[in-house]
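Before any comments, here is the structure.
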């Protein structure tokens, strides 16, 4: 594909935006806003299951003045859950080379499969970073795997609010309170692994595990 200013601008803009999140002196850590797996699905342009075949460090663009580097992962796509209208069979995904810009390190040439969520840039390349939801497929719960096919997509009209301390309240009927951090001091706890924020016919959203309503202890603890 010939180099174009628009394509170079896309890469430059993404990398600069990531760099702005980590000003000088903050260190090498990558920080991301918390998001439930359902939110990751709804906010991503592409969601696929894939194996990683190889990796290669490449320039971010063909512009000689651009010194940014990317890791290009060659993948074998197993299944696409979202992004059909923008892409068909994905061969490569790209991530920042620098860990300070949230570059993702994936295992290559192994039997491990990944769930990858990411964005599709204006030049058609798929871009992923640590603030996306990227997990080994074997670590996903049965509810998460099933929800990738239907429930996440069907309930993107629901809003998920992270609860850090009690009391937590919702401000709209289409909100669900995400309490994993409050109860377990980790983001991807029981609620993230086993529940979906689903909308009723009356427009009200609440947590469901398959056909089961959210366990009572989750409801009790968020009451003022």
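Placement of Cβ uses the backbone N, Cα and C atoms for every residue, glycine included.
As written in Swiss-Prot, here are the features:
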type	residues	note
SIGNAL	1-29	signal peptide
BINDING	30	Zn(2+) binding site
DOMAIN	30-156	domain 'NTR'
REGION	30-33	region 'Involved in metalloproteinase-binding'
DISULFID	30-102	disulfide bond
DISULFID	32-131	disulfide bond
DISULFID	42-156	disulfide bond
SITE	69	site 'Involved in metalloproteinase-binding'
DISULFID	158-205	disulfide bond
DISULFID	163-168	disulfide bond
DISULFID	176-197	disulfide bond
In Å, rounded, how far does the Cα of residue 176 (disulfide bond) sit from the Cα of residue 168 (disulfide bond)?
11
Considering the disulfide-bonded residues 32, 176, 205, which residue's Cβ sits among the greatest number of other Cβ atoms within 10 Å?
176
Between residue 156 (disulfide bond) and residue 102 (disulfide bond): CA-CA distance (Å)
26
Which of these disulfide-bonded residues is closest to residue 42 (disulfide bond) if you go by CA atoms: 131, 158, 163?
158
Whole-number Å value for how far residue 168 (disulfide bond) lies from residue 131 (disulfide bond) (Cα to Cα)
25
From the recorded positions 30, 168, 205, pick the residue whose C-alpha lies nearest to the C-alpha of residue 69 (site 'Involved in metalloproteinase-binding').
30
Within 10 angstroms of residue 158 (disulfide bond), Cα basis - recorded positions out of 30, 32, 168, 197
197
For residue 205 (disulfide bond), the close disulfide-bonded residues (Cα within 10 Å) drawn from 163, 168, 197 turn out to be 197
